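As recorded in TrEMBL, the features of this protein are as follows:
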COMPBIAS  15-36  compositional bias 'Low complexity'
COMPBIAS  148-157  compositional bias 'Acidic residues'
DOMAIN    45-143  domain 'Cytochrome b5 heme-binding'
REGION    1-41  region 'Disordered'
REGION    144-165  region 'Disordered'
């Protein structure tokens with residue numbers, strides 16, 4: 001796809017801590033929508049389950065990168081329905097991030113094993129995964145078709161969240 005054909009180049013990850021152009025915060029109380037949501041318990045997601053968390057049906061926004069699911073709700077300004085990266089909400093964003101493409105054609109409706117990506121693109125996916133790990137809560141794995149979800153104990157859930165805080 002040539003530049004200018006609707007292909008948008010990706011910038012930096014939204015942290016959700018930025019204020020709007022007029023200097024106000026996202027809500028009248030000064031709290032982002034994420035501030036009022038409890039931390040999500042760790043669990044695994046099928047693609048169908050992940051799609052429910054696109055920010056339009058529920059205030060929580062999840063996306064997957066390299067088989068890992070992250071809660072990006074605090075970045076709703078970026079990943080919400082009206083955000084510049086809203087196309088990734090409730091989806092596996094790996095291919096779009098690897099190819100620096102925000103076009104809907106860069107996302108797959110079925111499980112994407114990324115096997116056709118080259119070494120540079122796979123390295124890009126791993127770098128994006130690391131950035132998401134640093135900024136957002138890891139909430140589980142993206143399941144391959146037929147794969148059973150893991151059972152997470154409260155202890156594992158707490159340990160993982162404390163590791164990220």
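Just so it is clear, glycine is given a Cβ too, placed from its N, Cα and C backbone atoms.
Here the structure is a predicted model, which means the values were calculated and not measured.
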Tally of residues which DSSP labels helix, strand or coil - the domain 'Cytochrome b5 heme-binding' (45-143): 40 helix, 18 strand, 41 coil
Averaged pLDDT, computed only over the residues in the domain 'Cytochrome b5 heme-binding' (45-143): 95
